[in-house]
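**Q** Below are the features I grabbed from TrEMBL:
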type	residues	note
BINDING	Cys216, Cys299, Cys300	Zn(2+) binding site
DOMAIN	7-314	domain 'Hcy-binding'
Amino acid sequence: MSNRRVKGLKERISSGEVVITGEGYLMELCRRGYNQNGSFIPTAVLDHPDRVEDFTRELVHAGVDVCSAFLYYANKEKMVKSGRKAEESELLIRRALEIAKKVSIETGTLFTAGLAKTTQYEPDDEEAHKSCEHEYREQMKLCAEYGVDYVAIETLWDYGEAVIALKVAKEFGLEAVITLAPNSIRDPPLTFDDYELSVALQNLLDDGAACVGVNCVRGPKTMIPLIKRLRQEVKGPLACVAIGYKTTEEQPTWYRLRNPDTGEQSFPDDISGHCLSDSEVAWYAEEMKKLDLAYIGFCCGNSASYTRILAMAYGRQPPAAQYASTYVTQEESAHGYKGERYDRKLREFLGRK
């Protein structure tokens, strides 16, 4: 564990605090032109570490409680499949941990590492289980070396892989937040290895996870009904980390989103056409506040402005709060113009009588 004097994850949760996490590196760095869509590995950590640090600082400025090492798909197997060298994996992990640790020390925030599924898990394949365990052990050994406050094991599709990841975390004495990806649209929702989602989450809590929940895949409109149900079924600290895109009842996950003009699948390269509005982010925050959640935020599609809205909805006043919108719609426009002519024209532009 870290020697920094920072209130720990479990201590915060047990005292009733809500932890706002900072995720979304992958899609945001792709949008900015520093990472590649498709491979989904965090090459920006190696190629543009300064940009990764910039985004980390932006999220702290916006109100997150956590600096997260950008390690999604940083395992050797995925690196090789994506055309990078296996030996780059350790360098990437170390550099990502260094960035997040540096910013967390400077800002007094929690320090975590975001670890993804290995893409190697098969329920009935013992060799695959060993391979998964080996990959997690290599990553978590480094996480422990750098003194993370906890590990965020996220976007897992299989309960069985989550069990393996939690086992390794406990071996290294690491607190773990484990979030499963709610891909299933069945009733009740299932993991890929056919466990009821609520049962899988409760089992992980009972086995020692600090907090469990769901992340990615669903935007607020389809995540909130699910998390309401899970809140009734799961007893213990619960996490909700949605994507920053508009999913609907007809298109409940981002894999199902379609370009409204062409009808083509939007994921992943055309996903920006489904970004949330600020009012939708505010709605998400207000709905989560009703549910006694311990750990919240956005993952893919996140931005500093979205995080600021969440933080302010929870009563925080981060540095970015001073730049929250002050746009007014009364007699005097926000542009500062006065007088009958400007008033008439602005009402016309805004569609008002």
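Just so you know, glycine gets a Cβ as well, placed from its N, Cα and C.
Model, not experiment: these values are computed from the prediction.
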**Q** Around the Zn(2+) site (Cys216, Cys299, Cys300), what further same-chain residues have their C-beta within 8 angstroms of the site's C-beta centre?
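**A** The answer, listed by sequence position, is Glu23, Gly24, Leu26, Met27, Glu154, Thr155, Asn215, Val217, Val241, Ala242, Ile243, Phe298, Gly301, Asn302.
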**Q** Could you tally the C-beta atoms, other than its own, that fall within 10 angstroms of the C-beta of Cys300 (Zn(2+) binding site)?
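**A** That number is 27.
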